2 protein chains.
Amino acid sequence: MQEYGDGETLPPLRIGVAGLGNVGATLVRILQKDGAELTKKLGRQLVVTAVAARSRSRDRGIDITNLDWFDDPVALAKSEGIDLFVELIGGEDGPAFAAVKAALEIGRPVVTANKALLAKHGLTLARMAEESGAQLGFEAAVAGGIPVIKTLREGLGSARIAKVFGIMNGTCNYILTRMGNEDISFADCLKDAQALGYAEADPTFDVEGFDTAHKLSILATLCFGYEIAPDKIRVEGISRITQHDIKVAADLGYKIKLLGIAQRTDDGIEQRVHPTFVPKGSAIAGVDGVMNAVALETDHVHELLLAGPGAGGPPTASSVLSDILDIARGTRVPPLGVPSHELMPYREAPMRAHEGGYYIRLNAKDVPGALAAITTRMGERNISIDSVIQRSDLSAKAVAPDGSPTRTVVMITQQTLESSVRESLAQIAADGFIVGEPQLIRIETL
Amino acid sequence: MQEYGDGETLPPLRIGVAGLGNVGATLVRILQKDGAELTKKLGRQLVVTAVAARSRSRDRGIDITNLDWFDDPVALAKSEGIDLFVELIGGEDGPAFAAVKAALEIGRPVVTANKALLAKHGLTLARMAEESGAQLGFEAAVAGGIPVIKTLREGLGSARIAKVFGIMNGTCNYILTRMGNEDISFADCLKDAQALGYAEADPTFDVEGFDTAHKLSILATLCFGYEIAPDKIRVEGISRITQHDIKVAADLGYKIKLLGIAQRTDDGIEQRVHPTFVPKGSAIAGVDGVMNAVALETDHVHELLLAGPGAGGPPTASSVLSDILDIARGTRVPPLGVPSHELMPYREAPMRAHEGGYYIRLNAKDVPGALAAITTRMGERNISIDSVIQRSDLSAKAVAPDGSPTRTVVMITQQTLESSVRESLAQIAADGFIVGEPQLIRIETL
């Protein structure tokens, strides 16, 4: 048993796994099944020696009878019987946080797939890891099976990143893809996604964009060298997307995707999560179903796109394992890309001029002068309208509170400031020519 | 100046660069300009101390007056004044091979962007590196700015790869993309590509698929653990692709891409390079222009797609730099993914049943019974024809040697064996009903 390149014999790496859900059980299975092949690759044996979970007796399709059992993940994290602690419990606080801290405090390397934990406590944990000399891996925390953390921490050489954006939530992408392929409403599609296990019973966290925001905040720190700031993100989900939006997008040559976008500006960092029109022929538009993708725009590399499965036991376990292999090899990288004392305090950019146009869908009262009044208000804010689309086949049959019929109007603007669009819409609402909340979707040329 | 996580002070890493073309000059510029930022990230200084190139006086936009100059790259590789040797000379033999060997022999780490060198001598070089304990990095050798080597060597955990395929030549992808967007012939498009610097004066190596084959052979070894076998690849280029092919592909919902494909089969490894029909909506179809992409199909991660710039000074230099950073950090990975003595002797799979159909374009004599005779021959080999397409607007106005007019016939087959298609075409040619060489393009569902 030799490490590559020198004569030293390395002892087996003893791994403790806390959390035996889908990912944890898959990881244990892979390590038990593919152990010999991994040893060949690595020159060092990897052995799961201990586990912690809620139920000892649950059938997970793996044999844990020969492993040390812990009811308390903190006790496992501190146990003398392991060299590396894997946290797959989940949750931003509670036992996951306590156990990860306990391991890092004593200089024990940690691998976690927990994006909520990283978004909230990543800076604290990175500092602890640096102080005690422990490694902290979290490849699986963002975009499941896609090696985006490694690419950002190690793979881009000197490339200075200007913008990162991506599809980071499989639930949303599944729903939007199906809505694009079939004439099905958001609500019905969500029900199917829940039945298929692609969406949680309470889907808010996914469909309203918060999960994407967590992941984006971690990527933004690795990209730009600022402290993690999950609370400085404008977040908008997909629950208000209708078939009307999807179909007009298709007519115009776009697909709608929920993107997380972070970019470096002269005034600081801009982070946002929202549904976006992306051009149909673009690589990111081809990322469908439960797939994820992350695109990086750099000074040197132009654009790099990484696409793959964003969730699921095997892809996520494979990412956890790639962190384990790095630690077994002795690879040393600061958890957040640069030593944490080099991270800059977060600087939030004011919402800047959005480069690209807007899709605006309104329910306008079907009365003479309504459209003229609406477009006049937009003209007052210097918003140029590229096209006005009225598709009677898609138009919702609504009636205003005053009894007048309404028709759905879609306007596509040229490049303009988001603030101008929002101000003009507020005035249009005050004028009384529209009913309900307008739909506003950004168009990105990418 | 401290390495992350321990108290040890590391001396600056002294770098010698052989070859100051576009990539070499860009690398020196980045190291001179971004040195401070890299030092912050790495905790260790990177300094170019010496260079070798053909002309000392040529203006490259960088200041080399303070660097040690070598006329002979081998002397630079062995010089006491450097800790790491970067080979950017190119060529599969000659000074590049001699210099890389000279460095590895004395245990000095090497970074190279030279795919031809790796395809031909990769195994020899990996063995030398392992014997002397030197690291050997070649991220830039495949798909320029895309971190595919790192992903394969380190990033996929346990994932067992079943298939790798990709667009690995920017010249070909530029030509095929333009032919898809404009009504322009291969020959005219190639001329433009040459004028724009996207194609060499002698374009054979690129457009006939040999460059893709070199890269594929390196990826196949990293994916499957067999010795590198660049000579065991069926290679077909794009020079026979016509507007007819492009337009029929578009009608049927496909784009034509030059793919390198390697896959693991029960009978060994299959490696091939050829133009391919790929479905328009797929992520790889969205990879246009000079962009490259590599897709990995694994047992655990399903499909992973990495897309980005395949060439150009800055992206390639950035990949070279990511190897330099890894070496500066002390990362240790076997050059070919597993220790070279663990690589299996190459086992070539017989060309197996191609999963998917074929596009066949023929110039058939416009005489009664021709089509019946052709389709009968195909039926004899159990080839099911999905559709027969005759677009008179695209049909070449050709005349057979016997004076009879011809018309272009396109047939799309259902899934069948390539050997059956080739045998039936040989018989059809012998029957005398077609003129010229048929065009045969594989359809991949991906």
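Cβ atoms are placed via backbone N, Cα and C, with glycine included.
TrEMBL entries are annotated by machine, without manual review.
Summarising the annotation, TrEMBL assigns active site, proton donor to A:K215. Counting only same-chain residues at least 6 apart in sequence, those with a Cβ under 8 Å from the Cβ of A:K215 (active site, proton donor) are A:K115, A:A119, A:A141, A:V142, A:A143, A:M168, A:N169, A:G260.
Sequence annotations record features per position, and here TrEMBL assigns NADP(+) binding site to A:A18, A:G19, A:L20, A:G21, A:N22, A:V23, A:G24, A:A25. The DSSP secondary structure for A:G24 (NADP(+) binding site) is helix.
The NADPH binding site annotation in TrEMBL covers A:K115. When other Cβ atoms within 10 Å of the Cβ of A:K115 (NADPH binding site) are tallied across all protein chains shown, the result is 26.
Residues or ranges marked as L-homoserine binding site in TrEMBL: A:E200. Secondary structure at A:E200 (L-homoserine binding site), taken from DSSP and collapsed to helix, strand or coil, is coil.
Positions annotated as domain 'ACT' by TrEMBL: A:359-446.
For the domain 'ACT' (A:359-446), the number of residues in each DSSP class (helix H, G, I; strand E, B; coil) is 25 helix, 33 strand, 30 coil. Taking the mean position of the Cβ atoms of A:A18, A:G19, A:L20, A:G21, A:N22, A:V23, A:G24, A:A25 as the NADP(+) site, the remaining same-chain residues with a Cβ inside 8 Å of that point are A:V17, A:T26, A:L27, A:A53, A:R60, A:L88. A sphere of 10 angstroms centred on the C-beta of A:E200 (L-homoserine binding site) encloses 14 other C-beta atoms. On the 0 to 100 pLDDT scale, the model's mean across the domain 'ACT' (A:359-446) is 88. There are 23 other CB atoms within 10 A of the CB of A:L20 (NADP(+) binding site), with all protein chains counted.
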